[in-house]
Every structure is written in structure tokens, then in C-alpha cells.
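Asks: Checked TrEMBL, it gives:
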type: REPEAT; residues: 180-214; note: repeat 'PPR'
type: REPEAT; residues: 215-249; note: repeat 'PPR'
type: REPEAT; residues: 250-284; note: repeat 'PPR'
type: REPEAT; residues: 285-319; note: repeat 'PPR'
type: REPEAT; residues: 320-354; note: repeat 'PPR'
type: REPEAT; residues: 355-389; note: repeat 'PPR'
type: REPEAT; residues: 390-424; note: repeat 'PPR'
């Protein structure tokens, strides 16, 4: 039997911290210094039953998708994948792609079978199975290809497991599996996600020495890492360096930079990049326009956002719900609720469905106008449409009711929060209780606080403030 509990210490320590993660199994990497296993375990040869009925149908369909690298269709089959079915899919692959050895009459394909299985599990995001296969591959004296390892690293990033990416990259180094540019791009991305920007820059600088010239994707990854930390000057320097090295910035490069500047409220710089982008013949996408429209709306320049919206129509760039939400929020922030309502009516003709952000924007508009009753009606519509309000929406509603001295309405909103197991904001709740006491409604305060305590939703800091305001 394969001993699957011999672990590489540095790698296993990290995985041991993730035992509660339902998507990952503890890595079982053989405890050797690196490279191939010098004492591989003999491959087992066993007879297994032939598949029948649904098993046979599944194997044939999955095999067809696998042969054609149709990962999207394979994803749909993933929930019904069993060890029995896996074995027969591999047997079919073996017969299709790996011929018999003319001298022994046996199929000399074990390493490729293991590699195909590892890659398939990675693409299907069955990381427990992929991990086991990686370990078994090494225990049997084989090494997976870098392409299969990249598929696994990519799956980890898609599941926001940058920490595991770093650990697995170290395992690749110990196993002497040479990375390619795609591997290094994922590694740099993981470092950026974890806030290890200096290390990411260091790895990026070593890429040439490792025989992997940075690509546009490499630069984009590092630019995104700098933008996420607000280091916009460094991000622009990377763009300039990219161009000096003969690489042309693409849509992702510009979108990343424009988003970075918009997030910091630097719309002038964002607009300059937009102009440069158009001048270079890089077509702005829906994402580009949405980012700028949202940026202008947030700084109170809804007129510029509306111009960009009109430009999208002229240039036949598709609008989506995010486009409309950005404009609606901008209009509502300025109290222009009628114009916002007109845009909402337009959604139906565009076959777009209002979401939580749409309703939150409309509610904020009514709150800006201190129209608490209309805001609460919109909240009710939001619930009927199956959208979920967030804490900010509730906070706006309670504050508006309090400003209008409609304390019964404010209490009703608090009870709506409690029904959704959401804890009210401490400061808002303190203010509400204080105003209720001033109106001589101590009994209602006691009932409300008792209900909140019974549901264990009392906000932190409220106990202290309750004593001060009493």
C-alpha cells in the first residue's frame, strides 16, 4: 500500500493549518530532498470490474470531453465523479494515446496517465483528488509536467488560496520542476494578493535569469499589485518600462490603471489614460466605461458619467447592470431621483434585472431627500424581488427615520434587521434609544433591547453607551 503520510515538513505545516477547509486535503508530499523518488513504489496491477449502465455512460461522455480538453463540460460532470469511474476513464485514455511497448507488450504510459489525472482533477477543481494524485505520482517515481502544475496553481488562485500557491511553488522547487512564465506569473500574482509586493518585484526581476522573459500578463499582474496598494506612481513606471521593452499595453493594463486612479479619486489622471488608450487603438470595454462612470459618480460629477454613457451607445459598447447602477447612484447622490427612476425603467427594455446595488442606490436617493416612507417602500420592493439589503442600507433607513423624528419607523427597520440576524450599528442604535427616551418611550427601549439581547445581536460598545445616554 502507498504510504500517503510522509510529508515534506515546510509544506505540511502550512496545510495542517487548513484542516477545516472543505476544498483541500492535507498535502501528503513524500519527505525527500527533491527531484524524483529514488526508491519508487512498484505500480500496482489489479483487475477491476467493467463499467455498466450509468457508469459506462458517464465514462464514455467524460472520456470524450477529456480528449477534446472541454473543461467546461467536464466541470458539470465533476459532482458525480467516483474512483471507479476515474479508473475506467484513465484506462480509455491509456488505450487511445499510449501504445503498447513492442518488446514487453505492456503500456509504457504510467507517468503520462498520472499527469493527465492530476491535470484533470485540477481543471475540475477537485483539489483533494489532485493533491493525492500529485503525491502518488512522486511516490511512484514520476514527476508531473509544469503544465499540470500550472493548472493546479491556477485552480488554487481561483479559490483565493494564494497561501497554498506559495507553499506548492516551494514544493516545485524542491522537486526540481522548472517553472515557465505562466508558473511565475501565478506566483507573482499570489505574492501580490498576500501583500508581499517587495518579494513579487524581486521574483519579477529574476524572471529573465530564469529563462522566462516577462510578458504583458506579467507586467499587468505587478501593475495590479501596486494599484491595489495605492502605489500609482510605481504602477505607471511599470507601464513605461513595459513599453520600453517592446511590449504594448492592452485593455487589461489600462483598465487596471484607470481603476487604480478612480479608486483614489484622481479622475483627471484616469481620463488621461483613457485618452491615451483610445489614441493607441486599444478599444475601451464595458469594464473601462463602468470604472470611469462609477469614478465620476463617486466624486459628484454625474454629468461626465452621463456623457460616457452616451459615448458607449455611439461606440456600440454594451452596457450592463453595473453601468446603470453607477449612473443611478450618481444621480441619487445628487438627489436627482426622477432621472434615476427613468433609468430604472430603461432596464427592462435592455433585458437587465435590478439587483441589490440598484435598490440600495434608489433608497439612498430617497434618504438624501429625507423621504423615509418612500425609501422604506423601495426597501420592501427590494425584498420582494429577492434582493438582500446590506448594513449600510439599513443604517441609511434608520438615520433618515430618526431625522424625520419617525421613531416607530426606525424601530421597524431595526426589527427588520433582527429578522435577518443582522446586528444594528452601535452608534445608530444608541442615538435611537436616546431619542426614544427623550420622548418618554422607555418601555419601547426596554422591549427593543430585550429582543436584541435574546437574539444575541447586541452590537459591541452599546452597553457602555446605553449607560451614558440613559
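Including glycine, each Cβ sits where the backbone N, Cα and C put it.
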Asks: Sequence-remote contacts (6 or more beyond its ends) of the repeat 'PPR' (285-319), Cβ cut-off under 8 Å?
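Replies: Same-chain contacts beyond the ends: 251, 254-255, 258-259, 261-263, 265, 267, 270-271, 274, 277, 326-327, 329-331, 333-334, 336, 350.
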Asks: Please spell out the DSSP helix, strand and coil residue counts for the repeat 'PPR' (355-389).
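Replies: With helix first, then strand, then coil, the repeat 'PPR' (355-389) has 26 helix, 0 strand, 9 coil.
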Asks: Apart from its near flanks, which chain residues at least 6 from the ends of the repeat 'PPR' (390-424) lie with a Cβ under 8 angstroms of it?
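Replies: Residues packing against the repeat 'PPR' (390-424) from afar: 356, 359-360, 363-364, 366-367, 370-373, 375-376, 379, 382, 431-432, 435-436, 439, 441, 444, 448, 451-452, 455, 457-459.
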Asks: For the repeat 'PPR' (320-354), what are the DSSP-based totals of helix, strand and coil residues?
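Replies: Output for the repeat 'PPR' (320-354) reads 26 helix, 0 strand, 9 coil.
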